[in-house]
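Here's the structure, in structure tokens; my notes come after.
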Amino acid sequence: MSRKLKKTNLFNKDVSSLLYAYGDVPQPLQATVQCLDELVSGYLVDVCTNAFHTAQNSQRNKLRLEDFKFALRKDPIKLGRAEELIATNKLITEAKKQFNETDNQNSLKRYREEDEEGDEMEEDEDEQQVTDDDEEAAGRNSAKQSTDSKATKIRKQGPKNLKKTKK
């Protein structure tokens, strides 16, 4: 390890879970967890520092996956695990892309179908509205005719029977 780190306690829960998974007691000692946490944190800092130096030697300021692979090149087990995780990550992202593309295509198809159904429904509603308008107009005409007929009856009866018709 290159330098002593502050007591970070970044991986306390993970380390205690791993200790239990490998046969330790359910609640390991805090000193044990802290010691392993410092070891893991120091190792990660060293790997990242080596990868950064590799990037600087290549005259780059940003780290790439190849820099981490180069830093792990002397440990074939860790390098193999890193490559396996990278390949798995690529598979997952490709599967998500395919899922999103098919989902987008399906939603586009659904949208088009709904739009076509909506157009058909609008046409039906327009036809319904036209028939309703015709019926309303016919109703108005019949109501108008009935009021006209009442008015003509009143006129025919004259002023004598005006009081009777109002009741």
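From the backbone N, Cα and C atoms, a Cβ is placed for every residue, glycine too.
Annotated coiled coil per Swiss-Prot: 109-129, in sequence order. Annotation comment: Swiss-Prot describes 114-136 as compositional bias 'Acidic residues'. Taken from Swiss-Prot, the feature compositional bias 'Basic residues' applies to 152-167. The domain 'Histone-fold' annotation in Swiss-Prot covers 10-74. Residues annotated as phosphothreonine in Swiss-Prot: Thr131. The feature region 'Disordered' is assigned by Swiss-Prot to 97-167.
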- Restricted to the domain 'Histone-fold' (10-74), the mean pLDDT of the model is 94
- Residue distribution over DSSP helix, strand and coil in the domain 'Histone-fold' (10-74): 45 helix, 0 strand, 20 coil
